[in-house]
Amino acid sequence: MNNSFTLKQQWFGNIRKDILAGILVALALIPEAIGFSIIAGVDPMVGLYASFCIAIIISIFGGRPGMISAATGSMAVVMVSLVADHGLQYLFAATILTGIIQVILGISKIARLMKFIPRSVMIGFVNALAILIFSAQLPQFEGASWSMYAMLAGSLVIIYVLPRFTTAVPSPLVAIIVMTIIAVTFHVDVRTVGDMGNISSSLPHFLIPDVPFTFETLQIIFPYSIALAFVGLLESLLTAQIIDEMTDTDSDKNKESRGQGIANIVTGFFGGMAGCAMIGQSVINTKAGGRGRLSAFVAGAFLMFLIAVLSHVVVKIPMAALVAVMVMVSVGTFDWSSLKGLKKAPLTDSIVMVVTVVTVVVTDDLSKGVFVGVLLSAVFFVAKISKLKIVSHAEDQKLRTYQVKGQIFFASVTDLTNAFIYQEDIERVVIDLTEAHVWDDSGAAALDKIVAKFKEQGIEAELKGLNKASKSLMKQMA
């Protein structure tokens with residue numbers, strides 16, 4: 001990949017496209033933020049304030065230019081019971097603590113753990129997210145009139161056909177503007193952004209959560225904050241990796257982790273809910289040409305401008321146009337080549353990808369899908385490397401040599417122990433471990449057990465060819 005942009009390039013190297021992409025993202029953020037607020041059981045303005053604050057702060061402190069962060073559904077799901085049981089002020093306190101935890105994790109270089117997520121899990125994550133984005137649009141069609149479908153079709157035509165003639169302005173932005181003008185001019189009876197929830201023109205202001213500063217409060221919010229911190233970082237770092245690949249650039253994921261934390265701390269003090277990177281909006285931004293920090297900054301700033309100044313216009317935007325944008329995102333996000341790859345890839349990789357997708361879709365939780373995928377990959381990997389190759393041959397009537405090739409650890413010791421002939425009319429056995437490695441106490445104990453079993457039969461057993469690390473472990477466990 002190319003080297004990361006300089007700070008100047010990150011802000012001003014792509015001004016026109018970053019501004020236009022940011023405007024498009026701001027428009028697409030509104031129904032998302034409102035919808036996620038409803039999921040969390042809070043006022044729509046809480047999600048909108050969060051999206052504004054997080055987008056602005058992450059544009060400054062984040063480690064992945066061009067990535068969009070705001071209020072998200074995965075975070076909203078975690079908050080539901082906290083809001084229901086303890087109220088909004090505890091949510092603000094939990095959001096601040098979430099940010100503090102994320103900053104600490106960022107300083108601890110948590111992003112290093114990303115290397116343990118296999119490609120098959122990444123592909124499963126992306127495909128599952130595409131399915132979730134698409135399925136999230138389906139409720140908009142319940143009881144919809146023909147005009148809804150007509151505007152959806154018209155929006156999709158603009159989105160996919162306009163780029164053939166010009167790319168000066170993002171086609172999804174043109175689709176939203178054109179459909180809004182048509183809906184307002186001809187009084188088309190379609191569902192609008194205003195139907196999603198009440199949007200006031202008030203700006204966020206600084207506040208300190210009205211909760212007791214006691215250990216009991218910490219006991220209440222800490223479990224939620226831990227969950228929010230890890231879910232947020234997982235989704236953010238995976239999204240950063242995807243945008244890295246889409247743009248062929250590098251990102252500083254530890255800086256991104258710290259940036260997410262700072263953004264959530266600020267958000268909590270301004271009446272917002274915890275958020276993280278949004279892959280859907282990030283893909284919209286990337287496909288619209290957004291590459292720099294300016295795109296995220298414009299998205300946050302324009303979102304607040306829309307709320308504070310143009311809320312009377314925003315509420316008239318037809319949902320059909322925004323649904324069309326999200327359909328475009330879901331189609332563009334899905335890795336269609338992975339379907340062909342199912343037959344070509346190793347069976348275990350295909351199983352991991354499919355299981356990851358199914359887990360996410362069934363649970364509606366990206367973090368659970370990734371966890372199951374990584375766990376399954378680990379099981380398959382352990383099964384693969386636990387296979388030992390053991391060859392034996394008799395040197396003479398008194399000596400037999402065993403050559404062991406492979407990894408000796410907890411998963412391979414049963415096969416190892418059963419591979420030897422303990423009752424044989426010989427005097428001496430040599431176990432050649434030149435091409436083997438002892439990894440843990442299970443492996444060391446198994447070798448000791450093998451030697452002891454030969455000794456019980458009056459046969460002398462010698463371990464030969466242990467490498468330095470294996471020999472050290474054997475001495476340590478003796």
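Even glycines carry a Cβ here, placed using N, Cα and C.
Now, the feature entries from Swiss-Prot:
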DOMAIN    389-478  domain 'STAS'
TRANSMEM  19-39  transmembrane segment
TRANSMEM  42-62  transmembrane segment
TRANSMEM  65-85  transmembrane segment
TRANSMEM  87-107  transmembrane segment
TRANSMEM  121-141  transmembrane segment
TRANSMEM  143-163  transmembrane segment
TRANSMEM  168-188  transmembrane segment
TRANSMEM  220-240  transmembrane segment
TRANSMEM  259-279  transmembrane segment
TRANSMEM  295-315  transmembrane segment
TRANSMEM  345-365  transmembrane segment
TRANSMEM  366-386  transmembrane segment
Average the pLDDT scores across the domain 'STAS' (389-478) and report the rounded value.
90
Considering only Cβ pairs within less than 8 angstroms, which of the stretches 65-85, 87-107, 121-141, 168-188, 366-386 has the most against the transmembrane segment (19-39)?
65-85
Residue list, the transmembrane segment (295-315) vs rest of chain: Cβ under 8 Å, 6 or more residues beyond ends.
14, 17-19, 21-23, 25-27, 29-30, 48, 51-56, 58-60, 62, 65-69, 180, 192-194, 199-203, 281, 285
Most CB pairs under 8 Å with the transmembrane segment (259-279): which of 42-62, 65-85, 168-188?
42-62
Are there at least 3 C-beta pairs under 8 angstroms linking the transmembrane segment (65-85) and the transmembrane segment (220-240), leaving out pairs fewer than 6 apart in sequence?
yes
Counting each residue once, how many in the domain 'STAS' (389-478) are helix, strand and coil under DSSP?
32 helix, 34 strand, 24 coil
